[in-house]
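Engineer: Can you read through this structure? Questions will come right after.
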Ligand SMILES: CCCCCCCC/C=C\C/C=C/C(=O)SCCNC(=O)CCNC(=O)[C@H](O)C(C)(C)COP(=O)(O)OP(=O)(O)OC[C@H]1O[C@@H](n2cnc3c(N)ncnc32)[C@H](O)[C@@H]1OP(=O)(O)O
Ligand SMILES: Cc1cc2nc3c(=O)[nH]c(=O)nc-3n(C[C@H](O)[C@H](O)[C@H](O)COP(=O)(O)OP(=O)(O)OC[C@H]3O[C@@H](n4cnc5c(N)ncnc54)[C@H](O)[C@@H]3O)c2cc1C
């Protein structure tokens, strides 16, 4: 029935103020207002329709993306949207496009690595989209190992130019989004050579295509790298290949905040650390963490609404069957993901704060917190994207057979999201960067000391061990500090074990390589500790709205106890909990799931997603799933004719046993 809210009875059960929770989720009343307005604007404009993506050919799909990007820009300009509103609009248009790289990497790279003069020249052009940029770092032969890039930038003092060149096949740039068909400019990373000496990898602004007719400039070979995973999905993006054949650019197109080359051919390193060349990656990793909560919450919203609509078994005396959300197994798979979505929201908020802080310090030439920012963004990017990609797939399974339909929205969401585990740093490679994070993660101090500090860490571990023996059923239920200490003790113990094992090797590099799998596990434990500690910190703030804080308390406990249950081997082997505690944690989890159950629909309503953004029949707000699925099936292009194309050629001869003589 049109207009009936099939989930109304679920909404009536909720025990908290959903509108207040919407503000907590958005971050502030202002952020809620912007997000709410812009999401509705996009949803109501047919120009941003996206329900036909999976049936388009690659060429049609890409052209459609170009149209949408142009239309989005026109909307932004016509409505004079602020930078914040424009970013939200691109977010709700919900289609990977060259603009992501232009705004998300090209502009930040110029801002972070360009001199004042370079920023003044290039940023106004980029802000008006009079040039379109991409971020060309990865090559066919090297992605993770940035120092291994082969493209060269050789200074020619005679002409005051750099010569950008791809000396080998493997030095071809490969993967940059927006490069394949759209970008007019790139930040290209290349090994700098001045006077025959190499100075490592630096960024250069290189024009790729004519601003008149879009043809590649002299010495540039450029194209798309081909279809990627999934129908529609990330294929709206023109990930590209690029070769340079002795392309000349003016000297002032090397990004010179970190180091400079003078017209006489002198290489000068400023006080700025070399790692700032990697600064754009730190920025984007931080945005990817914030984005993880969006993708996971979207999948969870679909799976939760559908689980309340779907009924299987359990009919009594001809009454309705059981809603699948009432099965304890469904709850134990779904509610930890709901809790994770909230946890990632708050860690994203915290990381944004951390990044803003480091940026402010960098502007004042204070580089002291850069290593911590790098370790935290790398580790948390890895933790949240892995959990989100796995979580989306779990949500698909939670929706049974219908989850496999494109109209559930989940296959495309998974296909679009899963490369987040690889881009901006492969998740394993990034976890190995967390090695510098210490065991000292607490409320005030989240990082840094180094695994070498074995003695210090051991004594810390011992004190945590003592306090965690006081851990009991009561503290599990009531005390966040007991939970936090259990996570601290586990992370500390795992680091100490790595450090002790490392000290058995004469060559630290050899030890590091040999123990890398253990180091990765220790890094995950640290990152989970940070997420738990920041969730708890969030709860220490004033949170207005009836019942809102209580709901968040429940979700925080679920997030922590679920991890404790899942990794109980780690926790038990640290001695910080006993098998009895582990069993109690499990009992407590079941009780927490029962507390979430009546609030589940309201907790996903708090994400405030429009049906347009969700892009899912199973997740639609009114829960009217079956008529919509039925209707959508008939709209499939295969159903345009009753008898399919190919009947006379392939089906009829088969039925008539003429197949052996038919020409296939
Ligand atoms: C709202 C906008 C949203 C926009 C979103 C757009 C998303 C669009 C989707 C996709 C776009 C995708 C883009 C890309 O993928 S771009 C390419 C990304 N590539 C990578 O991430 C490569 C991964 N590799 C690396 O980051 C590094 O090379 C490395 C860290 C793995 C290498 O380590 P190492 O060999 O140790 O390197 P170095 O010797 O070069 O480093 C020495 C030293 O520096 C420290 N360090 C490394 N990286 C950083 C950093 N980023 N910041 C600060 N410090 C860093 C490193 O830890 C060493 O420290 P030390 O031990 O103390 O010496
Ligand atoms: C959709 C998408 C968009 C992208 N967009 C861009 C872009 O806009 N610009 C750009 O420059 N790049 C882009 N990239 C490239 C991306 O950044 C790299 O693919 C990524 O950094 C991983 O590097 P790689 O491909 O070299 O993986 P590899 O390093 O070859 O990884 C292969 C395997 O080796 C393992 N491995 C590698 N090194 C180590 C190690 N030291 N220790 C242990 N294990 C290791 C990895 O864990 C992985 O399992 C994009 C990639 C994708 C998929």
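Counting starts with 1 at the first residue shown.
Cβ coordinates come from backbone N, Cα and C, glycine included.
The following feature annotations were taken from TrEMBL:
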type     : residues : note
ACT_SITE : 424      : active site, proton acceptor
BINDING  : 138, 177 : FAD binding site
DOMAIN   : 17-132   : domain 'Acyl-coenzyme A oxidase N-terminal'
DOMAIN   : 278-435  : domain 'Acyl-CoA oxidase C-alpha1'
DOMAIN   : 481-656  : domain 'Acyl-CoA oxidase C-terminal'
Engineer: Hey, how far is the residue listed as 'active site, proton acceptor' from residue 177 (FAD binding site), Cα to Cα, in Å?
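Structural biologist: Per the Cα atoms, the residue listed as 'active site, proton acceptor' and residue 177 (FAD binding site) stand 12 Å apart.
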Engineer: Let me know how many other Cβ atoms fall within 10 Å of the Cβ of residue 424 (active site, proton acceptor).
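Structural biologist: Total other Cβ atoms inside 10 Å, all chains included: 24.
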Engineer: In this predicted model, what is the average pLDDT of the domain 'Acyl-coenzyme A oxidase N-terminal' (17-132)?
Structural biologist: 97
Engineer: Could you say which of the binding-site residues 138, 177 has its Cβ with the most other Cβ atoms inside 10 Å?
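Structural biologist: For the binding-site residues 138, 177, the Cβ with the most other Cβ atoms within 10 Å is 177.
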Engineer: Count up the helix, strand and coil residues in the domain 'Acyl-coenzyme A oxidase N-terminal' (17-132) according to DSSP, in that order.
Structural biologist: 90 helix, 0 strand, 26 coil
